[in-house]
Every structure is written in C-alpha cells, then in structure tokens.
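Q: Residues annotated as substrate binding site in Swiss-Prot, with similarity to another entry given as evidence: 55, 80. Summarising the annotation, Swiss-Prot assigns NADP(+) binding site to 165, 166, 186, 190, 206, 230, 252, 258, 282, 283, 284, 332.
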C-alpha cells in the first residue's frame with residue numbers, strides 16, 4: 001500500500017489582470033499517494049527549492065498560441081524547481097536522485113519526465129543554484145549572450161534588469177570576455193551590487209533618470225554594441241537610438257510590459273534599418289542541447305570564485321506567493337528562490 005501524505009500546494013485562484021497580488025493565490029492542503037501510477041514512466045518527487053521567474057506572470061492570464069500554457073485556476077502553479085526522487089517509473093531516474101526541471105508549487109509532485117527534467121550530478125555547489133545559475137536562468141544568460149549576440153572582446157554591452165537572475169550573469173560573462181559592461185537596476189542597493197559584487201564597469205538607477213536616452217549616452221558616448229533586453233518599453237526605445245551600427249539586441253524578456261492591460265508601443269524601430277541592427281527574440285528551450293557545455297564552463301568558474309551569484313531565498317511554501325509577487329515591484333535582491341524543504 002502506497003504511503004499517503006499531506007501535500008501543501010500553492011493554488012492560482014483565478015486569472016489575473018494588472019499586477020498580481022498575494023490574494024490571487026491560496027495555500028491548500030490535500031493528500032497525495034507517493035506512488036508512480038501503474039504502467040507510467042512518471043517520477044514522484046519531494047520538492048526542495050522553487051524558482052520565481054518573471055515569465056510566470058504571463059501564465060497567470062488566459063493565453064493562446066504562446067510558448068507556455070496558462071496556469072489552470074484552481075490547480076497548483078508550476079515552475080522550475082529542484083527536487084529529490086522518491087520513486088521512478090523512468091529508468092533514467094532512480095530513487096534518491098536529485099533533479100531540476102518543471103515541477104509543481106507543492107511539497108510533493110508527480111512529474112512526467114518528458115517535460116524538461118535534468119539529473120543533478122555536481123552537488124559541491126548549493127542545490128538552490130539549479131534554480132538559477134546552474135538552471136534555466138543560467139542557460140538563458142549563456143545562450144542569449146554567447147549564441148544570440150555573438151560577442152567579441154572589447155565590445156560595449158548594456159544589460160537591463162541587470163541584478164536579476166539572468167542579468168547578473170550576462171554582465172559577468174561579458175566581463176570574462178573583455179567587454180565594457182553597464183547595467184541598469186531599480187534601487188541604489190542593486191546598483192551598488194552590480195559594481196561591487198558583479199564587476200560591472202558602471203551601473204545606474206533607471207528610476208532616477210528623467211531622460212533614459214541621455215543616461216545611456218553618458219555611459220556609451222560611442223554607442224552600444226550589444227543590448228541584453230529584459231525590460232522593453234521606454235528602455236528599449238532609448239537603447240535603439242544609442243545602438244552602434246551593426247549592433248545586436250537579444251530579446252530575453254520585457255518585464256515592464258507584463259502587468260499592463262495595454263502594452264506600450266516602441267517608437268524608434270526605424271533605427272533597426274538605419275543602424276543595421278539585428279534584434280532577435282529567443283527561448284532557452286532551443287538551447288538546452290548546450291547545457292553540458294555550459295556546465296563545463298561555469299562550474300569551475302563558480303568553484304574558483306570567478307563567477308558569483310546572489311540569491312534572495314524565501315523560506316517555506318507559504319512564503320511563495322509573496323516572493324513571486326515581489327518580482328514585479330523589484331522587491332527581490334538577486335535571484336528569487338523559495339526553499340520548500342532542506343531534504
């Protein structure tokens with residue numbers, strides 16, 4: 001007889017308009033049998049860490065034709081996480097394995113591993129890193145910068161939302177290559193972090209700049225070669241007029257637009273023509289084949305202290321709604337993680 005245990009879950013109550021609130025979610029207690037369904041290749045896991053990511057906002061509304069499905073109101077939220085395998089119907093995973101990938105916002109989940117699920121081999125680093133630098137955000141930074149932007153030593157690089165899960169890594173990867181790097185963030189604390197901890201050459205608080213284009217001109221008098229786009233809206237407009245000829249823009253996210261019922265337009269797209277700019281959107285899913293190569297590069301750098309990563313860890317599943325909502329007001333410092341259990 002399979003063990004049946006209590007399972008705390010974070011439920012989305014209804015689809016969300018405007019900025020999400022803690023009250024859009026609720027904590028619910030159910031029971032779960034820690035048993036793989038007969039004849040399936042599912043994996044039963046105990047969730048250890050959950051990742052709060054900006055893309056999750058789009059899943060809180062009814063969407064069609066996107067790269068991800070909407071969350072189902074009345075059901076647990078899903079997202080990237082780190083978990084321990086309790087039972088497996090898939091020969092690739094064994095009881096006791098540590099994994100990262102898509103899981104439920106709950107204490108225990110039954111996962112179909114056809115979804116992205118990676119076995120964790122290197123445990124000499126904090127397990128929570130597999131929600132960030134060694135997980136989806138890390139691969140996003142690596143693929144977006146190295147594969148989409150084709151950077152060269154000595155180029156000028158601008159990163160928006162630069163202290164977040166992805167931005168802090170893009171800046172460090174650019175510095176490792178020998179680029180001049182500037183980041184923008186939304187508080188003095190974050191700006192200081194960019195320069196003192198992550199090694200950005202310069203950084204500024206976009207909230208204190210009345211003219212974003214003038215601010216960029218101040219830091220990039222000769223223009224920007226590469227822009228890693230996380231924000232959209234007014235920042236993108238300001239960047240376009242400050243790009244160099246043949247500049248590259250990797251479009252990773254547009255967090256300034258996610259909570260608007262009417263998204264803002266972009267006025268300076270003509271610069272794409274006059275400056276021969278290449279602007280490319282990308283999704284990390286298309287680059288997971290490079291994950292082993294990425295780990296080979298980044299794990300030694302982490303262990304040598306050459307790449308650093310800042311996390312903002314919330315404790316307990318009950319804290320997850322507040323942690324997720326905080327992303328959209330910039331409350332988090334670094335990568336937002338929820339620790340569900342230590343094991």
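Using the three backbone atoms N, Cα and C, a Cβ is placed for every residue, glycine included.
Describe each of these features in terms of where it is and what it packs against.
A: For the recorded site, residue 80 (substrate binding site), the DSSP three-state label reads strand.
Long-range neighbours of residue 186 (NADP(+) binding site) (same chain, six or more residues apart, CB within less than 8 Å of its CB): 205, 206, 207, 330.
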Q: Taking every protein chain in this structure into account, which of the binding-site residues 252, 284 has the most other Cβ atoms within 10 Å of its Cβ?
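A: Result of the Cβ crowding comparison: 252.
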Q: Cα-Cα, whole number of Å: residue 284 (NADP(+) binding site) versus residue 80 (substrate binding site)?
A: 13
Q: In whole Å, how far is residue 252 (NADP(+) binding site) from residue 80 (substrate binding site) when you measure between their Cα atoms?
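A: Residue 252 (NADP(+) binding site) has its Cα 17 Å from the Cα of residue 80 (substrate binding site).
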Q: Looking at the binding-site residues 55, 80, 206, 282, which sits with the largest number of other Cβ atoms within 10 Å of its Cβ?
A: 80
Q: In Å, rounded, how far does the Cα of residue 55 (substrate binding site) sit from the Cα of residue 282 (NADP(+) binding site)?
A: 13
Q: Which chain-mates of residue 165 (NADP(+) binding site) that are at least 6 residues away have a CB under 8 A from its CB, listed by sequence?
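A: Expected: 51, 53, 132, 137, 334, 335, 336.
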Q: Let me know the largest Cα to Cα distance in Å among the NADP(+)-binding residues 165, 166, 186, 190, 206, 230, 252, 258, 282, 283, 284, 332, as an integer.
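A: Between the outermost Cα atoms of 165, 166, 186, 190, 206, 230, 252, 258, 282, 283, 284, 332, the distance is 27 Å.
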